[in-house]
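I have a structure I would like to understand better, so I am pasting it below and will then ask my questions one at a time.
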Amino acid sequence: MKTRVTRLTVAAPNDVSALAQAIESGEVDPTRVIAVLGKTEGNGCVNDFTRAFATSTLKRFFAERLALNETEVDERIAFVMSGGTEGGLSPHWLVFEVDDSAPSRDTTTPGLAAGVAFTRDLRPEEIGRTSQVELTRDAVLRAMAAAGIQRVEDVHFVQIKCPLLTAARINEAAARGQSVACHDTYESMGYSRGASALGVAAALGDLPGDVRDEQICREWSLYSSRASSSAGIELLRNEVLVLGNAPGWDPEYRIGHAVMEDALDAQAIERALASVPGGDKIKLTPERLAGLLVKAEPSASGSIRGNRHVMSDDSDINGSRHARALVGGVLAGQLGDTRLFVSGGAEHQGPNGGGPLALIVRS
């Protein structure tokens, strides 16, 4: 078996020209695509419709290529669009394919394994609560099974797309006599991301016990070092992509992870590379970098290594947007590449002010 990752630069949220060219050249086989991750150039907030624009464009594109309707495409491909390319970050897509028929060229080295799973649609009153934690946990376990990953320690990154609350959704719940986790629609993004991340932590055995509603977005000592969740208005379910290394998968692509302890922790790249099977023999160059995924969030302390920051005090630009620009610049400077999947909002995803980082390399 083999997972292939193709990184494509895009000119706009509806730009499928690079993807079409990759398919025409044989670089990408649309029948094997299981997920498309994308950084779009919106604000990453509630009213960022670049995510929905890109998702609807991609669904229509694959429906035409696969001779399916969009509902059928929705059942086989996870579309995870993360808004916000602040600073020098470059909008791009990461296309994940799985070829079940490809034999591994090296049976001694585990290779990149990928699997997807979806929850059912969440009701508004379930977003940001234990129901979302439990549904996510179950979906992560199903995605692991789809990837053939048997040990939780072989999972290096779990990327999730999750829903958020809108005024209409809050009112719909109230009409049925149901309460919601919060009434601020932007704040609901954090609750959804946090509950999703805790679902990953529960699936991977990183929690001391069951999660309670009152712990979500409050008890920050609970977190996953391998979860990345991105909230959006364009869906009602959680879409889960599990990435790890497993025997029997071709090792041309491999993954490793580490945790950025703060926004300046560029050394996390080296630690992530060290966790890649055979990573000590890999010299990381732009050609070998298949993808980088990382979470970013302003530290709640208001400082970075003892120096004050004002990311959380800016009334014009949300703090997560500042954090994406900062972390993106730190990592791009190390890698010489701005096509990095830097996602803001790291509730229960790594330590305060830091976040999980995953590195996909090509041998």
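Here the Cβ of each residue, glycine as well, is placed from N, Cα and C on the backbone.
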For the substrate site that Swiss-Prot lists with S82, G83, R193, S230, A231, R324, S343, G344, give the additional residue from the candidates R51, R120, R288.
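According to Swiss-Prot, the candidate sharing the substrate site with S82, G83, R193, S230, A231, R324, S343, G344 is R51.
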Near G344 (substrate binding site), which recorded positions out of K161, G350, P351, G354 have their CA within 10 Å?
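The recorded positions passing the 10 Å Cα test: none.
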Using a 10 Å cut-off, grab the number of neighbouring Cβ atoms around the Cβ of K161 (active site), all chains included.
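By my count, 28.
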Of the binding-site residues G83, S230, A346, which sits closest to S320 (site 'Important for substrate specificity') by Cα distance?
A346
Anything within 10 Å of E297 (Mg(2+) binding site)? Look among the recorded positions R51, G83, K161, S230, R324, comparing CA atoms, and list what you find.
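R324, listed in sequence order.
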Quick one: average pLDDT across the region 'RU B' (111-247), no decimals.
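Summing pLDDT over the region 'RU B' (111-247) and dividing by its length gives 98.
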Long-range neighbours only, meaning 6 or more apart in sequence with Cβ under 8 Å: which ones does G83 (substrate binding site) have?
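In sequence order, K39, T40, E41, G42, N43, G44, C45, D48, T50, R51, G232 meet the Cβ cut-off.
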